[in-house]
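Structure record follows, encoded as structure tokens.
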Amino acid sequence: MPVESGSSAAARQAKQKRKSHSLSIRRTNSTEQDRSGLQRDMLEGQDSKLPLSLRSNLLDLFSQIEREFENLYIENLELRREIETLNDRLAGEGQTFEGADLAKGALKTKASHSTSQLSQKLKTTYKASTSKIVSSFKATTSRAVCQLVREYVGHRDGIWDLSVTRTQPVVLGTASADHTAMLWSIETGKCLLKYLGHQGSVNSIKFHPTEQMALTASGDQTAHIWRYMVQLPTPQPVADISQTPCEDDVDFSDKDEADGEVEGPNDCPSVRTAVTTLRSHQGVVIAADWLVGGKQVVTASWDRAANLYDVETSELVHSLTGHDQELTHCCTHPTQRLVVTSSRDTTFRLWDFRDPSIHSVNVFQGHTDTVTSAVFTVGDNVVSGSDDRTVKVWDLKNMRSPIATIRTDSAVNRISVSVNQRIIALPHDNRQVRLFDMSGVRLARLPRSNRQGHRRMVCCSAWCEDNTSCNLFTCGFDRQAIGWNINIPALLQEK
């Protein structure tokens, strides 16, 4: 009687398993209609505020997800069985090579190569199936529209900070590591003015609330106040840029475009002299801001102190000390005499100057790494971002614990909050910009690919509340600022 070989037996066993797998698929498909009908009957009997059509659409989506994962699970089991069969067959054949170390090594290599191929096949199948599910789900639920309107190119080094004027004419200001600050026409992208008064990196720029004056902080250990006069050029027709749904990250790539020498605007007028120079710090001045009314300014430095100055006399009014490490940012309240400073010591501090006789300070320890920025909102909230990859929303009336925590996958840089829509824009080290509401719900992610978006770390974001073509600006270490038009329906914000 002939004896069946080990290899033929294994092949017959695999064939039977594939046959049983196909039968199980048929059984699954045969009961699919019954299951969906039963689920729809259950939906009609449930009490929900969602429209029946929307609930039915969600049910279909989740049914597709369940079927895809069920098929993946079955295929995974089948691949595991084939791997075990292959290993058993190779182990059986290896027994015939007694004392042959070279043959054993060859068999081990062959087994490793075969199992790696099967593993790669499993990973490829899983990624393809799940990406198809997620893509269909995104296309159905993402209604926020983010449009890249204009790029502002001209700096010769990374851009640390940017800001929009609060008076007419409305222009965009950028602060760069190339020792300059520039003012730009929002509508045309043309450089209107260049400030050349600093001897070090310009780390921040803020505009006076009522006058045409700018405040810049620099690595040369000073802060400058300088006046500007600009004339807006005639707006050019806006190119027909198709609206891109936020989340549409079509072509992510870790390959950055080659950095060539960027030609700065040669015909841009310049200012070289400051009206006021503030010189009390012993280290890099990393940020500065105007107090409400514009008669005083506050600066934050790597010497672990924040200084309060009188604008008219340039005199130091207060030195705000207490941080254990370098300061990273400072911000003032838009309507009250409040200042918040953030530091590498993982804390941020709230300084209260509303009562001239009492200057109180509160320390907040909600983060586990450098607090990169903390900003006020128009209401009674403070929003803080950190290198610990979180953003926290605090209530000024009760700041013992945050009222919302946003967890991300990358360090967060200088954040900003929209006054009108109360949306937080998060610039990340990983070149992404995400939008959240004040309750911590993610609204959108700005599109980024090889063709648009930032190619380096995104350092800062700033909102523009005026009626311009762009309502959000971002800048990064790819030497450019970008103007975006963000349209988030009210229904999506209320979720």
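Just so you know, glycine gets a Cβ as well, placed from its N, Cα and C.
The coiled coil annotation in TrEMBL covers 62-89. When pLDDT values are averaged over the coiled coil (62-89), the model yields 87.
Annotated compositional bias 'Polar residues' per TrEMBL: 22-31, in sequence order.
According to TrEMBL, the feature region 'Disordered' maps to 1-40.
With DSSP states grouped into helix (H, G, I), strand (E, B) and coil, the repeat 'WD' (152-194) comes out at 0 helix, 23 strand, 20 coil. Annotated repeat 'WD' per TrEMBL: 152-194 (among others), in sequence order.
Annotation source TrEMBL lists repeat 'WD' at 195-226 (among others). Sequence-distant contacts of the repeat 'WD' (195-226) (same chain, at least 6 residues past either end, Cβ-Cβ under 8 Å): 157, 160-167, 173-183, 270-279, 281-290, 292-294, 297, 299-301, 309, 311.
Marked as repeat 'WD' by TrEMBL: 278-319 (among others). Within the same chain, residues 161, 200, 203-204, 206-211, 213, 215-219, 221-225, 325-337, 339, 341-343, 351, 353, 359 sit at least 6 positions outside the repeat 'WD' (278-319) and bring their C-beta atoms closer than 8 Å to a C-beta of that stretch.
Among residues of the same chain six or more beyond the repeat 'WD' (320-361), those with a C-beta under 8 A of the stretch's C-beta atoms are 283, 286-292, 298-308, 367-376, 378, 382, 384, 386, 388, 396, 399, 414, 419. Marked as repeat 'WD' by TrEMBL: 320-361 (among others).
Helix first, then strand, then coil: DSSP counts for the repeat 'WD' (364-404) stand at 0 helix, 21 strand, 20 coil. Summarising the annotation, TrEMBL assigns repeat 'WD' to 364-404 (among others).
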DSSP-assigned states of the repeat 'WD' (320-361) in counts, ordered helix, strand, coil:
0 helix, 25 strand, 17 coil
